[in-house]
Amino acid sequence: MKGQTAVITGSSRGIGRTAAEELAKKGVQIVIVDINGGNAEKVAEEIKSQYGVETLGIKADISNSEDVKRLFEEAVKKFSKIEILVNNAGITRDNLLIRMKDEEWDAVLNINLKGAFLCSREAIKIMSKNKYGRIINIASVVAFIGNPGQVNYSASKAGLVALTKTLAKEYASRGITVNAVAPGFIQTAMTEQLPEKVKEEMLRMIPLSRFGTTQDVANAITFLALPESGYITGQVIHVNGGMYM
Ligand code: NAP
């Protein structure tokens with residue numbers, strides 16, 4: 001993997017940042033992407049000095065096609081090729097269906113699903129030329145089991161699983177594999193905000209009796225990104241402590 005380049009969306013914190021560090025440890029050049037920007041540059045600098053790989057920090061809203069085009073243009077200008085794309089950026093806007101506002105539905109679908117479509121479209125143009133690529137989409141256990149209050153989020157993640165399988169079929173002949181990782185309950189800013197009662201209920205559903213870490217998810221992402229994982233495509237790796245089998 002040494003010398004390859006990975007674009008990881010939503011990588012200034014949480015799962016994306018740990019995945020970026022894990023790939024950097026293997027000598028992969030990293031493009032950090034977030035929506036606020038300042039932090040992306042800071043994290044890119046930190047990873048460069050810690051792991052000795054070239055990095056780039058870019059502010060881009062992945063739900064905006066102009067931003068996404070610019071993101072990939074800047075990445076290619078610096079690194080010439082992109083071998084790995086991790087569609088990780090995601091948000092929640094939870095509400096019960098009858099209270100859910102149009103804006104809450106649209107924001108989640110636009111970032112979690114359309115964002116992955118836009119980034120994959122740009123990345124695949126670049127990967128196709130080199131007849132090599134690894135795309136890894138970060139879905140969620142709720143795509144498979146549903147979750148009250150998350151009709152928008154669970155639909156977006158189920159859509160991402162279908163997108164994964166379809167792209168896997170469309171681009172297998174170009175040497176590009178497309179897989180998903182479906183995390184369960186992972187300790188990040190996204191889950192910190194949940195009430196203690198909900199967390200206790202969740203824990204009871206997890207056979208391995210602990211919440212996941214960003215490292216648990218990053219390990220699965222790194223595995224799928226390896227050149228040696230080239231016979232795996234259209235699959236979902238569940239990283240959930242057994243809460244869904
Ligand atoms: P997080 O800590 O909330 O971080 C989200 C990241 O996405 C941030 O870097 C954020 O940028 C970025 N982002 C948000 N909107 C964006 C946009 N429009 N354009 C570009 N970047 C954007 O998230 P996380 O908990 O690590 O989750 C990462 C992924 O795993 C998500 O897709 C999530 O749905 C999925 N997941 C998480 C869990 C969990 O338990 N945590 C479980 C299942 C699945 P800023 O820092 O600039 O805001």
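Every residue, even glycine, has its Cβ placed from backbone N, Cα and C.
In TrEMBL, annotation is done automatically, which means it is predicted and not curated.
According to TrEMBL:
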type: ACT_SITE; residues: Y153; note: active site, proton acceptor
type: BINDING; residues: G10, S11, S12, R13, N88, Y153, S154, A155, S156, K157, I186; note: NADP(+) binding site
type: DOMAIN; residues: 4-184; note: domain 'Ketoreductase'
What's the CA-CA gap between the residue listed as 'active site, proton acceptor' and S12 (NADP(+) binding site) in angstrom, rounded?
-> 21
Listed in sequence order, the binding-site residues from G10, S12, N88, S156, I186 whose CB sits under 6 Å from ligand 1 are G10, S12, N88, I186
Record-annotated NADP(+) contacts G10, S11, S12, R13, N88, Y153, S154, A155, S156, K157, I186; largest Cα to Cα distance in whole Å is 25
Determine, from DSSP, whether I186 (NADP(+) binding site) sits in helix, strand or coil.
-> strand
If H, G and I count as helix, E and B as strand, and all else as coil, what does DSSP give for S154 (NADP(+) binding site)?
-> helix
Compile a sequence-ordered list of residues in the same chain as G10 (NADP(+) binding site), six or more apart from it, whose Cβ lies below 8 A from its Cβ; state 'none' when nothing qualifies.
-> G16, V33, D34, I62, N88, A89, G90
May I ask which residues of the same chain, at least 6 positions away in sequence, place their Cβ under 8 angstroms from the Cβ of S154 (NADP(+) binding site)?
-> S140, V142, A143, G146, N147
Including all protein chains shown, what's the count of other C-beta atoms within 10 A of the C-beta of Y153 (active site, proton acceptor)?
-> 23
